[in-house]
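The structure under discussion appears below in the form of structure tokens.
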Amino acid sequence: MGRAFSGFTFVFFAFLGFIFFPAEAAIKKYQFDIQVKNVSRLCHAKPIVTVNGRFPGPTIYVREGDRVLINVTNHAQYNMSIHWHGLKQYRNGWADGPAYITQCPIQTGNSYIYDFNVTGQRGTLWWHAHILWLRATVYGAFVIMPKQGNPFPFPQPHQEVEVLLGEWWHADVEEVVKEGTTMGTPPNMSDAHTINGKPGPLFPCSEKHTFVIEVELGKTYLLRIVNAALNDELFFAIAGHNMTVVEVDAVYAKPFTTQAILIAPGQTTNVLVQANQVPGRYFMASRAFMDVPLSIDNKTATAILQYKGVPNTVLPSLPQLPAPNDTEFALSYVKKLKSLNSQQYPANVPLKIDRNLFYTVGFGKNSCPTCLNGTKLLASLNNISFAMPQIGLLQAHYFNIKGVYRADFPDKPPTPFNYTGAPLTVNLGTATGTRVSKIAFNSTVELVLQDTNLLTVESHPFHLHGYNFFVVGTGIGNFDHDKDPKNYNLVDPIERNTVGVPTGGWTAIRFRADNPGVWFLHCHLELHTGWGLKTAFVVEDGPGTDQSVLPPPKDLPPC
């Protein structure tokens, strides 16, 4: 747990809490010191950016209804911002964190207090750096316990364990990115996957860099799994043990049992595991899913589930992970995910839609005389590759600063074509610009994300800041505007904040635009985000006094 920061007295905070918060709410305070520290993995050490010297960083523990204050002090050479992934931040985009979207980053030597309430959410989320590729090492879990007296809607576990899946590079990650940008090619892939920052004993010099969970026979454990990897969707399994999925992205799900899960970057999954096997040592394993012939880090990270009393000399057994290109497993797993949709936790799916959006996901090449092949890669939504501004979009929106962005992002692609047909190598007139879509307050939105075969098809995990959404449909091939909506699940679709668009396919999501502000929409593969696969929604203020963006804090980081 982070250490409390000074500057306000406990009495003052207690007084605030007494006035503004219900009796059970608390004020949780953390100090995040952004520090560079030497860390050893895979036989050598290198300096990495950390929070409080830890990799992964500290877990935030709060309860639904709490107020959270996290003072981030930047001692590193890079500008820094932290995003609280999946926190809705109602009216309070100032605490959302993506650099140059809601605000400018925290400069070296400066501090900023992220101040927000946790309202109507409980479960596993996470936090991470939201600038450059710094989330390679700057990330941690964010655990929201239910309100007092509200038990889990599944058997109470004996113990809860955070399991963070990540990646590791031998080289400095920012140098890897710079080299790729200079050459106009994808940066080098990671050298290892990790589980809680450790690659496991299948890698050299990694016996001591292995995460271990000790369990007792007959007891049940809740694993809070986070995919913090930059660029890989991952399979995860435990040898000899089934898992029961009970929650995704901090939303309770209809429980189902599976031998493996699929989890995309940005997503979280809670599973129950029963320690009901012959006492021994069992590998937990994570490996990438990629169903197109692209280069990925396909090495397997491992951790150990060890029964109490079993000696460390017992060799663990490996689980049967799906094949790296097992599309059938991926699609069938996603279909099993459904909202609990109980009386206490209803699925309030928008049935009448005010705004229909159709966004194509594509790649392209632009001329680059200094690059290796004379071209550089870019990515786009509706043929627009997003250009990052030099001032926060929310600041520009709130203070009505002209010339920062254009609110004319098209609702559909300018040129319809056979999106998933034969590979196309043309750009179809890809433009670059800071263009966003303006959304009326409280309107209902359906967004269809369509993969395309521009250069290649590929799966894409998309994250929408400030909102959860319902995944009402998904399919392979081109979305059919007449036929496919007839097969939507409008009863109990899964609700989440990050969704995978399948390779050569489409995904349809719905949400109500009831959170005013500027909210980032982007692919959570850092590689694609850097190439421009992103945009933002400007959700207008509502008419009510509590339906507009809150005033910014006085200590907003300068640009």
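Glycine is no exception: its Cβ is also placed from the backbone N, Cα and C atoms.
Annotated in TrEMBL:
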type   : residues : note
SIGNAL : 1-25     : signal peptide
DOMAIN : 34-148   : domain 'Plastocyanin-like'
DOMAIN : 163-309  : domain 'Plastocyanin-like'
DOMAIN : 408-541  : domain 'Plastocyanin-like'
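Sorting the domain 'Plastocyanin-like' (408-541) by DSSP state (H, G, I as helix; E, B as strand; all else coil) yields 9 helix, 58 strand, 67 coil. Across the domain 'Plastocyanin-like' (34-148), the DSSP tally of helix, strand and coil residues reads 6 helix, 58 strand, 51 coil.
Confidence over the domain 'Plastocyanin-like' (34-148), given as mean pLDDT on the 0 to 100 scale, stands at 97. The residues of the domain 'Plastocyanin-like' (163-309), classed with DSSP into helix (H, G, I), strand (E, B) and coil, number 11 helix, 71 strand, 65 coil.
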